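The structure appears below as structure tokens.
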Amino acid sequence: MWPIFDYGRFVSIISSSDVYGVVWMRSLAQLHKMANLRVLVGVKRVIDYAVKIRVKPDNSGVVTDGVKHSMNPFCEIAMEEAVRLKEKKLAKEIIAVSCGPAQAQETIRTALAMGADRGIHVEVTGKSIDGDNNQTGQMTAALLDWPQATFASEVTKENDHLKVVREIDGGLETVKVTLPAVITADLRLNEPRYATLPNIMKAKKKKIAKHKAADFGVDLTPTLEVVGVEDPPVRQAGQKVESTEELVAKLKDSGVV
Amino acid sequence: MLSTGKLRPTLGLVRRPWCASAAGIHSSGRRLHNPDEVDLFDFRYTTPFVKNLFVGKFIREQVFPFPRLNQQDYDQLQQMVDPVERFFKDDVDSAQIDTDAKIPAETLQGLKDLGLFGMQVPLEYGGLGLSNTEYARLGEITAIDGAIAVTLAAHQAIGLKGIMIAGNAEQKAKYLPKLATGEHVAAFALTEPSSGSDAASIQTRATLSDSGKHFLLNGGKIWISNGGIADVFTVFAKTEVVDSKSGEVKDKVTAFIVERSFGGITSGKPEDKLGIRGSNTCTVHFEDTPVPIENVLGEVGGGFKVAMNILNGGRFSMGSSGAGIVKKLIEQTAEHATTRTQFDRKLMEFPIIQEKFAEMALRAYAMESMAYLTAGIMDRWPGGSPDCSVEAAMVKVYSSESVWSSVSEALQVLGGLGYMKEYPYERYLRDARILMIFEGTNEILRMYIALVGMKFAGDILKEKLKELKRGNIGVILQTVRQRWGSGFGMGPSHGFVSEDRFIGDGFKAHPSLTAGAKLLEENVNNLGTMTETLLARHDKGIVEEQLVLKRVADITINMYAMTAVVSRASKAVVMGLPNYDHEVLMANTFCQKTYNENMQMFHDLGGENTDAAVQKIGKDILKTGNYIAAHPLDRTHDFDNIDVVPPQR
């Protein structure tokens, strides 16, 4: 099943070109060494990061009506990385894909304005906000049986593989993945550019292909049900203590120690 | 007698793209125009809106429904708003720009990269080709930093506008592409030390060289925005023109495109200003600067008109820029009012504070409604290029003064904190002060509004008078009553409030706006009568009666504002926009307040006012050169000895 409901961190799939390209490339030898990568970037429409989230009174979810939505900032970082690859002539085509309601097309348009060549919109009705689940990239790699490098903070191409520096709890880890591969972006990968107004206007001419989930034979019946959404508990006021003895006594009283 | 010979006989057959009921080509009640039977008195199609108010005519089809964009254009506009807002939020340090009196090079480059230097330049020359409406929308965001807003406006709203509207194909192709990307910066050079409002009196000269191939430019301009950084100037200079009819040699203004690279151009050091300190303002001197004759903009001798067209075209956006500033201030100030506690209550609970916020919101609402209504009229006028100079002037006057008072009130809400440089209020106040001065001082614009309107009315009334002189009074009276409605008291209803819940033919206000609309209607009738009275009383001498003209201008500005808010609130209800009931309340309240102001001014115009006395006082003081009254403590020598009989207890 094509993962649909949440992207968590975004997904970037770098695939090798079709046979055509490889043969053509070979014949041109040194000149266009590796401009044969195609990059698929997932972009998701989420509640704008600056908006104050409010939980709906019935606790069934968060308020999304009339709330400002934008592209997930991590998706922007992913788009930026793809555009940089294209500018370095390492990638030849960038495709932006989004699974979501009709408004997801606005997000795809932003991706087109940032530099994607074309877009794919899979129409999926129903709520989708960012659940911060951090699953999509990993699930995609598993389904495609491709190698993955997640939480990337630096991506460099070396011959026919990618060297990726990952941010992990203990520090930085460098891995090598062969192509095609799935990469997910972390905050420090790059600083996304603004979609300039001239590019926004040019993006109008780029194509967005529209599909429904059924076109791919995908069953959207949820296997997960959100039972409730709540505000985090109100922070309790702290207490000041005068001495270590008092601290220990209080800890003992509250049963923590 | 018509001011324009342009008639639009095909209009009845043209689709009005902004119609709510746009399915049909013509709505019920409108007769189709046969090109051979054009009604010369049908001002629906010849003149944009406000001038007609002066003859008591309210052409509802021009202002209802409120202009709107189609979904595609709207979506694209929203897309463009986002990166610009982000840029101003994250990459513009207004406080630093103000302190340094300079916009950093990276910020300027960022603006250029975003495409903000060529917003209205046509697409084929590398610009964004934005309509007036879209330009106004982005103006709401760029206004957040006054210095940047003025730099951008000086470059494109006036600097390169001349090339766009009066340039020939070669000039456009040569200059616009680099100006659109910001590779070259433009400036508008008209003002001189002895010629500010009186633009026709400039003294910079352009003399044709012996070879006849170029003009030599000599003179000095002051207070030129972007003067120090511009590569291309639109310069206005006096040239000798031979009158084709009389053979007389006259001095007339000609507009030129002058490149800094032509040589002989020096810019002075940047002026140290009260506000918009980041904007570069300086003197520009021309010493024997050679300007090829190909660089004459428009015709030799036709420069004054070019200047006026340039200036008239850009003014309306002050409404949206102003609203952008005030709306932001409302948000920032509200935060203070909702958290600050005095006398055991939050500031927001005090009516005096509530009034301040209402006043700011009402003014912002009116400003932006007027701006977008004007932009909409301009963008959608069949055949393009209507003369909306009076509307634009009204927007400018109203917005500049509203921004000044709103910023002042916002500062007041913060009290002492508002006065401190730590907070941006004092900078907003300083930046706002220029609005009433540049782009045509508000005094000049008020005279312009009133005189253009009165002239329009006067021309029509002259025609009426001619017919009156000719004959049958009864018939004439009937015609007058039919066409002009007013003239002898309260005229008939102009019928721009819809009686039914659904908006009838689309060119009316929604019934929930009845309260406000009725007041506006009354004022329209009052104005029609008043114009006739004034013209009868003063005739051509009205030009000198500035205090009368000032009131007329203020009344009509108010009426345009009322029209805009009623139309906009109507649209909100019809579309079911969120919080439309709040908008209806604002619109009706605004109309009531403004109507009250208008009635006071109508009363003053009616006869009993203090004008003569005020003018005498002013003249006496100016003659003496200072305050005349004796000091409160002054006394005469013998006063104590005079017999003064105390009052009987």
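Glycine is no exception: its Cβ is also placed from the backbone N, Cα and C atoms.
Feature annotations, reproduced from TrEMBL:
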type	residues	note
DOMAIN	B:76-183	domain 'Acyl-CoA dehydrogenase/oxidase N-terminal'
DOMAIN	B:187-288	domain 'Acyl-CoA oxidase/dehydrogenase middle'
DOMAIN	B:301-450	domain 'Acyl-CoA dehydrogenase/oxidase C-terminal'
DOMAIN	B:511-626	domain 'ACAD9/ACADV-like C-terminal'
Whole-number mean of pLDDT values that fall within the domain 'ACAD9/ACADV-like C-terminal' (B:511-626): 93
Most Cβ pairs under 8 Å with the domain 'Acyl-CoA dehydrogenase/oxidase C-terminal' (B:301-450), selected from B:76-183, B:187-288, B:511-626: B:76-183
Tally of DSSP helical, extended and coil residues in the domain 'Acyl-CoA oxidase/dehydrogenase middle' (B:187-288): 6 helix, 54 strand, 42 coil
DSSP-assigned states of the domain 'ACAD9/ACADV-like C-terminal' (B:511-626) in counts, ordered helix, strand, coil: 105 helix, 0 strand, 11 coil
Tally of DSSP helical, extended and coil residues in the domain 'Acyl-CoA dehydrogenase/oxidase N-terminal' (B:76-183): 79 helix, 0 strand, 29 coil
